[in-house]
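A quick write-up on the structure given underneath.
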Amino acid sequence: MIKEELNLWAEGVEFRHWDAYYNFILSVLNFLCIKEYELSVILCNNEYIQKLNGEFRQKPEPTDVLSFNYFEGSEQINHKIQGDIIISLEYLEFSSLEFNVEMYEELQRNTIHGILHLIGYTHDTNDFQNETMLIIQERVLRETRRVF
């Protein structure tokens, strides 16, 4: 049975904005009408995410965000979540500089990205103008973005 459970922790990194981040995630879940969830979010370094990326996706390199859905095989958008999101803060430091955005915004964008994958959205490219998932991601970010 799914309930409302949200767990956050860090692996190999320090993070000081847990309360604000927790409330941000709750606002995203609410905005997306997700009422039932068991979600863990791990903020980590490149070494940690690279190990997982190599093990589960056969890509032995760091990445920004990974999502692990416990409802594998679902082909439709589901408004229940049971899964994990892993985000490399170290990776986001570089991408925030590359895209000229604040670190907290890049963290929020990648958190939304992970949540959208968990409810069934996918994308074939990183085209923010034409990919439905990425268009939704940016809309959710505009509506829920917070400074912390």
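Placed from the backbone N, Cα and C atoms, the Cβ positions cover glycine too.
Listed features, source Swiss-Prot:
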type	residues	note
BINDING	HIS113, HIS117, HIS123	Zn(2+) binding site
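The Cβ of HIS113 (Zn(2+) binding site) has 23 other Cβ atoms within 10 Å, all protein chains considered. Here the Cβ of HIS123 (Zn(2+) binding site) has 18 other Cβ atoms within 10 Å, regardless of which shown protein chain they belong to.
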